[in-house]
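Undergrad: Below you'll find the structure I mean.
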Amino acid sequence: MPKPNTLERNVSLKPYNTFGIDVTALQFMEIDDNATLKEVLFSKEHPDSLIIGGGSNILLTKDLERLVIHLNTKGIEVLNKTQNHAQVEIQAGEVWHDFVLWALVHDLGGIENLSLIPGNVGTAPVQNIGAYGVELKDVFVSCQALDLKENKQVSFTKEDCAFGYRDSVFKRNKGRYIITSVILELTTRNHQKNISYGAIASQLKEQGIEHPSINQISDAVISIRQSKLPDPKVLGNGGSFFKNPVVLVEQFTQIQKQYPDIPHYNFGENQIKIPAGWLIEQCGYKGKRYKEVGVHKNQALVLVNYGDAKGEQLWELAQNIQKSVKDKFNVYIEPEVNIY
Ligand SMILES: Cc1cc2nc3c(=O)[nH]c(=O)nc-3n(C[C@H](O)[C@H](O)[C@H](O)COP(=O)(O)OP(=O)(O)OC[C@H]3O[C@@H](n4cnc5c(N)ncnc54)[C@H](O)[C@@H]3O)c2cc1C
């Protein structure tokens with residue numbers, strides 16, 4: 001285990017990414033307090049540092065010559081609590097699912113549908129994490145961050161974050177803002193439960209639960225996720241490798257003429273979202289294995305490391321998939337995972 005707040009050299013990043021890729025960081029620091037984080041990042045000694053949280057949304061394709069910081073700042077504080085709501089500030093290094101469990105213990109609602117998403121709280125705004133009909137933006141109030149371009153501490157409101165589908169100002173300005181804490185507003189009673197998502201509804205129905213508690217919704221989500229997605233501890237993966245592409249209605253209509261069964265969802269005005277997993281499956285990749293890498297047998301959006309894969313092998317497979325989808329459907333699928 002690395003000593004906190006101490007510069008180490010030549011550290012394997014295998015335990016720090018859920019793909020389980022074994023690359024080396026020339027310099028590495030585990031940071032557990034905000035003062036050290038600020039000092040290191042503002043010092044200009046390490047202008048190109050890479051921050052890693054849970055490492056569940058990164059693909060490492062080479063050894064990193066720069067400083068890699070594993071953010072491990074902890075702390076949860078209730079800032080204020082009214083009859084209906086509580087605002088809670090969470091330090092960036094808290095594990096997201098641990099925080100969800102904390103909220104459930106304190107009967108705070110709003111994030112139960114986001115149970116079991118890997119990663120840290122501080123990273124959750126970066127791609128506006130979402131699952132089963134809920135996104136982080138639904139409970140987000142503000143966050144604190146370090147602006148590495150201006151070398152100053154900044155505060156972001158929900159509007160400043162410009163959240164979109166797996167997108168935010170942080171993702172669009174990669175590496176510029178390092179989030180240090182997040183404030184969320186959760187419900188203390190009259191929880192706004194969202195059980196409209198098909199899989200949750202049928203799971204609860206199967207259990208004979210008509211009016212679920214937030215704990216029961218969380219349990220249903222956990223059970224669905226465990227049955228559908230590979231556990232990175234068992235089979236290295238980064239969750240959905242690609243975002244679902246959004247195309248104009250005219251383009252979609254053309255594709256639909258050839259593939260009448262194509263699944264799709266309306267997305268804002270004049271746009272349609274197509275499940276990337278379906279497109280990849282149509283190209284014949286689902287369940288395929290290529291030596292140490294492959295596409296998961298139950299979920300074509302998930303690329304997996306069967307053991308000792310190199311990051312480049314996974315990236316090569318991802319690019320082949322992108323090309324096949326482009327050739328077959330004339331649709332570009334953008335990686336959701338951050339490639340380094
Ligand atoms: C099995 C599995 C299932 C998943 N399911 C979902 C899902 O349902 N919904 C969903 O939205 N996502 C899902 N993901 C993706 C992932 O969990 C989220 O993107 C998560 O927020 C990543 O957090 P992390 O701390 O692991 O990020 P990391 O992988 O450590 O970092 C991701 C990126 O954010 C940057 N970063 C890290 N910390 C900070 C910070 N404090 N400030 C600014 N930038 C930072 C990194 O430099 C990197 O570019 C899944 C992943 C896996 C492996």
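All positions are counted from 1 along the displayed chain.
Each residue, glycine too, has its Cβ placed from N, Cα and C.
Just lifted these from TrEMBL, have a look:
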type	residues	note
DOMAIN	21-189	domain 'FAD-binding PCMH-type'
ACT_SITE	ARG166	active site
ACT_SITE	SER240	active site, proton donor
ACT_SITE	GLU336	active site
Undergrad: May I ask you to report the DSSP-based helix, strand or coil state of the residue listed as 'active site, proton donor'?
TA: strand
Undergrad: Rounded to a whole number, how many Å is the Cα of ARG166 (active site) away from the Cα of SER240 (active site, proton donor)?
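TA: Distance (Cα to Cα, whole Å): 11 Å.
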Undergrad: Per DSSP, to which secondary structure element type does ARG166 (active site) belong, with helix, strand and coil as the options?
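TA: The residue in question, ARG166 (active site), is coil (DSSP, three-state).
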Undergrad: Using a 10 Å radius around its CB, how many other CB atoms surround GLU336 (active site)?
TA: 19
Undergrad: Which residues, sitting 6 or more apart from SER240 (active site, proton donor) on the same chain, put a CB under 8 Å from its CB?
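TA: Counting only residues 6 or more apart in sequence, the Cβ neighbours of SER240 (active site, proton donor) under 8 Å are ALA276, GLY277, LEU301, VAL302, GLU336.
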Undergrad: Test of understanding: give the count of other CB atoms lying within 10 angstroms of the CB of ARG166 (active site).
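TA: Excluding its own Cβ, ARG166 (active site) sees 18 Cβ atoms within 10 Å.
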